[in-house]
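What follows is a single structure, written as structure tokens, with notes after it.
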Amino acid sequence: MWASGSVKIPTHIAVIPDGNRRYAKKTGIDFYHAYKKGVEKVRNFLTWALEFRDIKNVTFFALSTENLQRSKIELEILFRIFEDELRRTLEDPLIHDNKVRVRFIGDRSLLPGKVVKYIDELESVTKNYSNYHLTIALGYGGRAEIVRCIKRVLSGEVRLETFSEEELFQCLDTRGIPNPEPDVVVRTGGEKRLSNFLLYQTAYSELIFLEKLWPEVEREDLVYIIEEYSRRQRRFGR
């Protein structure tokens with residue numbers, strides 16, 4: 001597609017897949033089928049990302065702590081879809097053939113037992129994979145993540161006297177994930193904010209906002225993301 005060395009491909013892409021509910025209203029379909037299409041698009045996006053072998057990490061913001069304040073009916077729809085997708089992913093050739101390690105970040109105590117069961121199983125069956133890394137933020141909030149980290153310090157798990165930026169990374173939900181700082185954060189749906197997503201990890205991430213609603217995203221949009229990222233000069237505050 002590109003001449004060798006002409007494009008700088010990000011190794012870690014984080015995605016805020018916004019716009020499922022607006023897609024339902026726009027197309028006249030119900031929330032269940034809109035969210036179902038949104039979840040299917042996550043798999044599509046991962047498939048496209050794996051075609052670019054330099055993309056090693058993909059992180060999705062699937063459900064925030066704020067999202068948990070939505071109606072009971074909407075949450076039941078979401079959790080039913082999550083259960084179905086997690087169960088299917090346990091035997092997904094896309095994961096196993098490419099040796100994708102799957103991790104989940106967030107507060108699992110906020111999630112239904114069946115969802116947690118499948119999360120644990122999926123993490124277990126992929127724990128020895130290391131070619132690629134897929135991280136799903138579920139029941140996650142960036143501020144809550146930092147609070148959990150502070151509690152670990154106060155409990156004595158980490159020595160306060162030697163506490164450093166690097167040790168803070170080891171307190172966060174993303175500890176153990178190679179390159180936990182996204183090179184680029186992509187948000188669909190036209191909104192231009194992080195919405196409490198990876199607040200510490202995104203200090204120097206490039207931000208790209210797409211007007212398209214998440215279910216409308218296609219492979220050409222990932223190509224645009226890569227090309228736009230390649231045009232940027234990352235200065236890391238210097």
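Positions of Cβ are set from backbone N, Cα and C atoms, glycine also.
Residues or ranges marked as Mg(2+) binding site by Swiss-Prot: ASP18, GLU206. Taken from Swiss-Prot, the feature active site covers ASP18. According to Swiss-Prot, the substrate binding site annotation covers GLY19, ASN20, ARG21, ARG22, SER64, THR65, GLU66, ARG70, ARG187, ARG193, LEU194, SER195. What Swiss-Prot records for ASN67 is active site, proton acceptor, and it gives sequence analysis as the kind of evidence.
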Practice task
Would you list, in sequence order, the recorded positions among SER64, GLU66, ASN67, ARG187, LEU194 whose CA lies within 10 Å of the CA of ASP18 (Mg(2+) binding site)?
Solution key: ARG187
Exercise for the section: Indicate the candidate from ARG21, ARG187 with the smallest number of other Cβ atoms within 10 Å of its Cβ, considering only these binding-site residues. Expected result: ARG21
Problem - Distance in Å spanning the most remote Cα pair of GLY19, ASN20, ARG21, ARG22, SER64, THR65, GLU66, ARG70, ARG187, ARG193, LEU194, SER195, given for substrate - result: 20
Fill in the blank from the handout: As a whole number of Å, the Cα atom of ARG21 (substrate binding site) is distant from the Cα atom of the residue listed as 'active site, proton acceptor' by 12
Fill in the blank from the handout: Out of ASP18, GLU66, GLU206, the listed binding-site residues, fewest other Cβ atoms within 10 Å surround the Cβ of GLU66
Exercise for the section: Based on Cβ atoms within 10 Å, give me the single least packed residue among the recorded positions SER64, ASN67. Expected result: ASN67
Fill in the blank from the handout: Across all protein chains shown, the one of the binding-site residues GLY19, LEU194 with the most other Cβ atoms within 10 Å of its Cβ is GLY19
Practice task
Tell me whether ASN67 (active site, proton acceptor) sits in a helix, a strand or coil according to DSSP.
Solution key: helix
